[in-house]
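J.: My structure is below; once you've seen it, I'll send some questions.
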Amino acid sequence: MEIVYVYLKKRSEFGKQCNFSDRQAELNIDILPNPELAALYVERNPVDTGIQCSASMSEHEANTERFEMESCGVNHVEGGWPKDVNPQELEQTIRFRKKVEKDENYINAVMQLGSIMEHCIKQNNAIDIYEEYFDDEEAVEVTEEAPSAKTINVFRDPQEIKRTATHLSWHPDGNRKLAVAYSCLKFQRAPMSMNYDSYIWDLENPNRPEIALKPLSPLVTLEYNPKDSHVLLGGCYNGQIACWDTRKGSLVAELSTIEFSHRDPVYGTIWLQSKTGTECFSASTDGQVMWWDIRKISEPIEVVIMDISRKEQLENALGAISLEFESTLPTKFMVGTEQGIVISCNRKAKTQAEKIVCTFYGHHGPIYALQRNPFYPKNFLTVGDWTARIWSEDSRESSIMWTKYHMAYLSDGAWSPVRPAVFFTTKMDGTLDIWDLVFKQCDPALSLKVCDDPLFCLRVQDNGCLIACGSELGTTTLLEVSSSLSTLQRNEKNIASSIFERETRREKILEARHREMRLKEKGKVEGKEDDQKEEEAALDLDELVGKAEEEFFEVIFSELKRKEAEALKKKPKPRKKSSVKVEAEEEVEENVGEEEEAGGIIGIDAVEDMSEEAGEEQEDVPT
């Protein structure tokens, strides 16, 4: 602060005005030192000197401007979408536009403003102010930052008995809060005194949770409502669906009945993009997918059984352990099962059997993560056993890309929301792997040891800068990745698209080749079977010939006996057989026996001729 003091004096009191001029320096007086006084000089040693040890203090004042902070809301209506219209739904936006364009007020306003804006529109069309004149020149290469990540905060389970952080969910407005579900998924190993609470954490206060959610059973999943940030949806360990409203407190606001709920833990819950913002669906290891409306959550709206044989039998259903839904594909959803099979379903199908569209086989164990690429929905990521795989809906027999088999089991995975070629995976050894397909495809671009405990789940923030990882002991670690991993690179979309298309074409070629090989093997097997059938047919022919011979001789002897019986009936008196006839019959029987032993065939005419000759001889003999 400047201090000014004004001195007042009359001009007459100033005296005569000085007139200065430049001149050479001159010596006026020179006093020489006195030698006698110099001889009396004695140096004193030691000398006592006073010193001020304390710091010099002075009074200072500063006047600063104070900024007062307060929270306030603004209701912006003009130019925005209504609350019941989802901007991401193309059909809803088109329907709303058509409705507005038919309004008379809108037509009159456009007609009045058209003449005013016509001049400005012509100016904009005359010159392209956004034209880039040096776009063809090569850009100067800028050194990119190396991939890195650092720990920002750690949120620990406040309970004494530690539980697993099973699921994470970011606050939809600003991502200022993080909801964490805690549970013990080890079968029949949960302690009797284990607490069931789950928490909502403020990112700036890791010491104490902001809100505690108190369910009747431990929560396995927990999701924020994207349209109402005060509402949360949870899936319980006992199969029930619970709903909270943070404005009403920590207790459950809505709860499904046990009779109409799942029979096993609910591993997946997702909100649907509806007008009301109250519809959701869930999946469980009991093999059922259920649709709910939280306004009437006592029983589900619809149930689909995950029976890939399409017989709708619950005992044959595959247990669902992960769930995927993309808002741009409102009729489709995908389910990852315990058996390592991905089931693609269509909710709007007419029958229950038609709702299961196709299946993808690729993992040896449960599929813990399933997510579509946010830029290319036809490609989706699955994480299970020791690998992470990338699939295409056009190639169903095998995945188009996959990681190598790791030494540790993989527990979760997710795509980056800002970069189409980046995804994240967590492992049971506490490691977070960040994969960049543009930079490197065989190994992760960054592998970070987050903690010593096994990592169980992860969730990426919407802007891609922050990653939350939950461990088996309930510790949630918040990580911040470098700008190179959270910023869209130049031409990355085109590069990622070309990579996916190239691998899809390669898999289609391999599938066609394998199909041809299978057909050839099938033809060889069928040829061998035909040869075996011919050999068996030849053997069967000999057996049939022998059987035919036996049946033929049986018919002959039965016919002979019948004729003899008829001949005896025609004769009035029985006559004694002559020795000649007896000898003839014995000769016939001997000849027939010899023919049977030799394998020959005797005709009926030959037998009749022999019997006639025997009759003639009998007539010649006198009685």
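Backbone N, Cα and C atoms are what each Cβ position is placed from, and that goes for glycine too.
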J.: Of the ranges 71-108, 565-602, which one does Swiss-Prot list as region 'Disordered'?
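T.: Here Swiss-Prot associates region 'Disordered' with the stretch 565-602.
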J.: Could you pull out which residues elsewhere in the chain have a CB under 8 Å from any CB of the repeat 'WD 4' (405-445), counting only those six or more residues past its ends?
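T.: 147, 149, 368-369, 371-376, 381-388, 451-464, 467, 469, 471, 479, 481, 485-489, 492-493, 495-497, 499.
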J.: According to DSSP, how is the repeat 'WD 3' (362-401) divided among helix, strand and coil residues?
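T.: So the repeat 'WD 3' (362-401) is made up of 0 helix, 20 strand, 20 coil.
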J.: Along the repeat 'WD 5' (450-489), what average pLDDT does this model show?
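T.: Summing pLDDT over the repeat 'WD 5' (450-489) and dividing by its length gives 91.
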